[in-house]
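> The following block contains the structure, expressed as structure tokens.
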Amino acid sequence: MTRGGQRDRDRERAAARAPAKGKGKDDGLTADQRRERDAKALQEKTAKKAAAAASGGGDAAATSTSKAAKK
């Protein structure tokens, strides 16, 4: 018993569903632009985390290190 027809139908259905999920890499940016955008986002994230740590906010990294120090 072969499943050739069913397999083809399943592939067609999967291909039809694929573009609907996720945004993919088609954001109109080149690789360099994407790299710069990601680097800027990472810098903002680390600056925000450093500011929270400096102000004594409930930083998750600080609590995990204090738990490790208690052991």
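Note: Cβ is positioned from N, Cα and C throughout, glycine not excepted.
Nobody curates TrEMBL annotations by hand; they come from automatic prediction.
Per TrEMBL, the features are:
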COMPBIAS  1-15  compositional bias 'Basic and acidic residues'
COMPBIAS  23-47  compositional bias 'Basic and acidic residues'
COMPBIAS  49-71  compositional bias 'Low complexity'
DOMAIN    1-35  domain 'Small EDRK-rich factor-like N-terminal'
REGION    1-71  region 'Disordered'
> What are the helix, strand and coil residue counts for the compositional bias 'Basic and acidic residues' (1-15) according to DSSP?
12 helix, 0 strand, 3 coil
> Average the per-residue pLDDT over the domain 'Small EDRK-rich factor-like N-terminal' (1-35) and send me the rounded value.
80
> Give the residue counts of the compositional bias 'Basic and acidic residues' (23-47) per reduced DSSP state, in the order helix, strand, coil.
17 helix, 0 strand, 8 coil
